[in-house]
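Each remark here refers to the structure printed beneath this line.
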Protein chains: 4
Amino acid sequence: MNGSTFGNIFKITTWGESHGKAIGVVIDGCPAGLSLEEEDIQKFLNRRKPGQSRFTTKRQEADQVQILSGVFEGKTTGTPISLMVSNTDQRSRDYSEIANYYRPGHADLNYDRKYGFRDYRGGGRSSGRETIGRVAAGAVASKILEELGISLCAYTCAIGPVTVDKACFDKEEIFRNPLYMPDAQAAQKAQECLEQAMKETNSLGGMVECIITGVPAGLGEPAFDKLDAALAKAVLSIGAVKGFEIGSGMAAARSNGLENNDAYAVDAQGNLIKKTNHSGGITGGISDGTPIVFRAAFKPTPSIAALQETVNRQGEPIEIQIKGRHDPIIVPRAVVVVESMAALVILDALLASMTTRMDRIKSFFLDKESETRL
Amino acid sequence: MNGSTFGNIFKITTWGESHGKAIGVVIDGCPAGLSLEEEDIQKFLNRRKPGQSRFTTKRQEADQVQILSGVFEGKTTGTPISLMVSNTDQRSRDYSEIANYYRPGHADLNYDRKYGFRDYRGGGRSSGRETIGRVAAGAVASKILEELGISLCAYTCAIGPVTVDKACFDKEEIFRNPLYMPDAQAAQKAQECLEQAMKETNSLGGMVECIITGVPAGLGEPAFDKLDAALAKAVLSIGAVKGFEIGSGMAAARSNGLENNDAYAVDAQGNLIKKTNHSGGITGGISDGTPIVFRAAFKPTPSIAALQETVNRQGEPIEIQIKGRHDPIIVPRAVVVVESMAALVILDALLASMTTRMDRIKSFFLDKESETRL
Amino acid sequence: MNGSTFGNIFKITTWGESHGKAIGVVIDGCPAGLSLEEEDIQKFLNRRKPGQSRFTTKRQEADQVQILSGVFEGKTTGTPISLMVSNTDQRSRDYSEIANYYRPGHADLNYDRKYGFRDYRGGGRSSGRETIGRVAAGAVASKILEELGISLCAYTCAIGPVTVDKACFDKEEIFRNPLYMPDAQAAQKAQECLEQAMKETNSLGGMVECIITGVPAGLGEPAFDKLDAALAKAVLSIGAVKGFEIGSGMAAARSNGLENNDAYAVDAQGNLIKKTNHSGGITGGISDGTPIVFRAAFKPTPSIAALQETVNRQGEPIEIQIKGRHDPIIVPRAVVVVESMAALVILDALLASMTTRMDRIKSFFLDKESETRL
Amino acid sequence: MNGSTFGNIFKITTWGESHGKAIGVVIDGCPAGLSLEEEDIQKFLNRRKPGQSRFTTKRQEADQVQILSGVFEGKTTGTPISLMVSNTDQRSRDYSEIANYYRPGHADLNYDRKYGFRDYRGGGRSSGRETIGRVAAGAVASKILEELGISLCAYTCAIGPVTVDKACFDKEEIFRNPLYMPDAQAAQKAQECLEQAMKETNSLGGMVECIITGVPAGLGEPAFDKLDAALAKAVLSIGAVKGFEIGSGMAAARSNGLENNDAYAVDAQGNLIKKTNHSGGITGGISDGTPIVFRAAFKPTPSIAALQETVNRQGEPIEIQIKGRHDPIIVPRAVVVVESMAALVILDALLASMTTRMDRIKSFFLDKESETRL
């Protein structure tokens, strides 16, 4: 409900719209004593910033973050961390045209029907700029996870018809090409497809994959708050995502039990291992300690310059061509958004898992130095 | 967190495990004044009951529901509705074998790692019986939605390699074949595949589709509580689901803007319509008043009689063959579970939408008879 | 919202009304591995059971609890614990009289206005029997707290004009007299007042005090979820409570800073101590490690046999005399309800406190045996 | 949990500490279409601003609010409203002294124990400045309530030994004297007491009363979310509050049923009325349509210049005198905080009440213009 708050323990609340004064997030429940400075957050924001390549919008937004509260002498205090990014590139152009009709593939009509009217400037709250708060909070969550030995790696695994070849996976390559693909050859082909789409005033969809390693077994809850269900919600809550799959995903539907079950075995060192990971690291909603692997499908950017049919607020059919500086593909800038949402889910589940077992609760409270009771 | 409570306004809490005394659900926040009797709920439970065909387990469970509270003189009172189903077919067989190893594709290991031990009888809380509470609550939600002109229709759209042909869609057929498929020919082929899988002591996966009609525009929230995100979580929270897609879904990733955008137009009666529904009825997380269409991918039943490798609690590699009465496919009995979860999500979003607009709030409180203030 | 769920981590959901089939509670989030049997819960329920003395209703309710789920081989499994008490003494007497008018001091009118009608049998959901679920859950919470060195002690500190003399406080006495007063002489006087009130077909109010010892410093949150705020809500949520105070309480309003501040000092052993406890163990919403002390004021039982003015559903003024078997005082049976609610609040805050500090989180996850990651 | 978020539907999240860059609040769930400008909020903030009289701190804080999001063309859009007040009077004085010891009556020790360290500048998050966010949000809630015919009136009803005389109640007087007392004579006496306390480098406590009129019957929930329980939590969550009472409050404990029950009757116009209001407008947790009346007890300002004993961080006993610009009484500036918290509770309960009854839900959705379904 309400929709702008996410998480239970590490809880974030985002605010702001495309053309308001600023955009931000409040993080409540961040543990005290974490070293944190603006640069930790800025480096995440820079990954989603516009203007990184010819495949992203030419809008210039500095997207410079400010820490307004919750950090004292370089450490988090345990109280709310308020992060804000000012909106600087708000062109005072004429929005009267866009105000008057419903862009196909956008939520214009939906907002009008829901709220009675809408802030039509740049999509208002439905703008991709809403994800700035998510990424800022995701940077903090990722920093905590890192200190606990958990790391996340998201990347583009498909753009339009081009899919990354698993055999060519190169983690270093992700940050070398503008599409965040872990396969140089696929990245090259995808760029060609994008050039072609741009020429045709069209846009492309794509797929993001995320791998999370170092996750302890036991995260997630049995019934409604399964870890994969939480990831699905987190990912589908990103605008433009139309599908989510974990492990073997949609392909599991076409598989059979013998193939899809992950056999347990013992490795040379005597450790229990899984011979495959069709589960994607989660069974019954609970992590098993193997890498978590999921994918998100993004639709093509709906804002295209090609001629489109639509209807205006007066209910008359019209033809439009959307002007402005739009990404021909959402995916590359969305990679860090997916990674951030995943970090928020994993951290929240990790903190929740601390209260699961009597033996661990007892050792937590009874083994501590006795200073805590007067 | 906790995981056994779902929903914000129409809020349900399920409890119970496979071999406990009973299984149940508490519904809190059900509006007062709804006509409700046990039969309304029973007809939903009967759709997931075991023993309906040769493709479902032969376990005999009456799954008879009892209303324990919240209904007075045939109407809901607005206070919690407690629904309970006794567990009757608890064979007192020897579970010592299963207690000692980890079944591939099951959550045995995960529960042991999370809780330190597990109720190994029939899967405990991770059993499919946990869905009884969901379906019982879903029946109540569906009844409310029906009174408001909203209806849900879920069915099997694929089993293993067999996919329903959209051109042959026949809603009546869904309840005529044991697989709940809306295409008689596909149902026939799927049954043959299942016979074959059973002969090979194997199992199959499949896909469920759900169509929701009559949903008003404006349900769902802009950021984290998007309506499709809520549906994704609801669906992934069902054990064995590995993927979720809405509208064009995963295919959107391979599409382009011109194809994937839904053009608005005006029909002969002058009404605003959408020429296609690639969005699946939801854009920007908010319903637009067109049918909502989503799909869930189910993995094959992990309990198979074929020989499998695994490890026991002592960490030794062993080979097992799982005995017992298991479904060769999860999908047909899961159809009503998917429909129930969707009903819960839609109803909750519907109730939440009542507080969205000042004009409607004012007319709600100020147009009412003045009896309410002493 | 909804109102029947309480707590965040150790979360309970109660259900049932006075004359339904049963009354119960579902506990979600109970740590796994706690030894638990029905007797642990029964001994709490027996403290609120009717028929204990001539000052409580003569209704005979066995109030026998059943554990329906969440316990396996004598230990909690970490999944929902469903507890149920059947309603046995439901006299099939004629309720048509009470159905037709509004009892002063009761919520009859309020329910009718809220829900459009009400379950008038024995007060329905507003009956004191609703507290059975709270006490059953409180018994489980108290058992956990006990294992962590935290203990609660609630008792009657005033009845009508009679107040316990702090100088005569005797903990053993609490369970020796039917009023649960820690001062034999006051208990004697209070019984005389009650005899007199009963003769006059009247009833009395009273006060419950609760002392919680062994609480570590650091529980509670800075802003809205202050520990004392959570206690206040818990206590006011018990029917008939009209006031709550912590430490010096209402008297603080008439005090001054010099008197009311608790000076810190160092005791003979060199430990930091507080010289007084006007704060009641909580400052700024956070526990300081000293005993938590609060009080709740209960109104007199509204059901009295004396003649009263009221109005019927037709809006006509009438005079009534309430028949039936009513307690002349609510307080003695409410003592264990107050204690239970306090146990729920403290346990929930305790579990929440585990995620407060990075250093403790790191040692929790990094010092554990490495078995948790495959 | 977390503690910085309040409310379910009209949900607010506050952030900021005494000496951070700014202080603010995010309101999520504000209905769309409310006229709102900064001045609406500023006039509430001005009531709690320091420097209004010689009885409040001499710190100069402009406390000028900025609307950063959620308002478009003078109306709320239904998306998050971010409100911010910059901290301007942050004297860069030396805090090393205060950093090193625990001020009696303050939460210094508690924060250190909870978080391992604290932001000692001006009390950090435990500062009274934290209430700025509450008051800003309360201003918005009050504006909505006003449009629905509900109004709140809070005032000082006691300071130290001086209590307002009900017979002299004059609503206009509240805003005429610096203590916000509705009785000029009491205000005069209270000022004399305060002058005396200030001379003695001491401080006083006091009491705030709040009356809410126009509340419809039926707000609040039967069990844990009783309306008075929600008010109690809201009020105790304000720093320095030590007690809460509704209607006859603590006095109910010393009363009897005949006196304390509110008889129903019929007035000259044939309307159902209550002859008294000992319930304070709420019975069984649900409003009955009569005025809601509650009181909050505030402790004396703990920061006093008089000599006090305490302990430093090294565990050594020391004597201190607290310097700085402190209010000799918290109450006058807290009046608007109490009113704001009450407005938040009432509005949230009001919105929640919209989903209570099937008949009203049906007329809400089925009587609307048919435009909402495509």
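Each residue, glycine too, has its Cβ placed from N, Cα and C.
TrEMBL entries are annotated by machine, without manual review.
Feature annotations, reproduced from TrEMBL:
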| type | residues | note |
| --- | --- | --- |
| BINDING | C:Arg48, C:Arg54 | NADP(+) binding site |
| BINDING | C:Arg125, C:Ser126, C:Ser127, C:Gly284, C:Lys299, C:Pro300, C:Thr301, C:Pro302, C:Ser303, C:Arg325 | FMN binding site |
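Feature map: annotations from TrEMBL on the structure.
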residue  : record               : contacts (Cβ under 8 Å, 6+ apart)
C:Arg48  : NADP(+) binding site : C:Asp63, C:Thr131, C:Ile132, C:Val135, C:Arg333, C:Ala334, C:Val336, C:Val337
C:Arg54  : NADP(+) binding site : C:Pro178
C:Arg125 : FMN binding site     : C:Gly16, C:Glu17, C:Ser18, C:Tyr111, C:Asp119
C:Ser127 : FMN binding site     : C:Glu17, C:Ser18
C:Lys299 : FMN binding site     : C:Gly105, C:Gly205, C:Ala240, C:Val241, C:Lys242, C:Ile330
C:Thr301 : FMN binding site     : C:Ser203, C:Leu204, C:Ala240, C:His326, C:Asp327, C:Pro328, C:Ile329, C:Ile330
C:Ser303 : FMN binding site     : C:Arg103, C:Gly105, C:His106, C:Ser203, C:Ile322, C:Gly324, C:His326
Q) Given binding-site residues C:Arg54, C:Arg125, C:Lys299, C:Ser303, which are under 8 Å from chain B when comparing Cβ atoms? A) C:Arg125
Q.
Tell me the coarse DSSP state (helix, strand, coil) of C:Arg54 (NADP(+) binding site).
A. coil
Q.
Can you filter C:Arg48, C:Arg125, C:Ser127, C:Lys299, C:Thr301 (the binding-site residues) down to those whose Cβ is less than 8 Å from some Cβ in chain D?
A. C:Arg125, C:Lys299, C:Thr301
Q. What kind of secondary structure is C:Ser127 (FMN binding site) part of, going by DSSP in three states?
A. coil
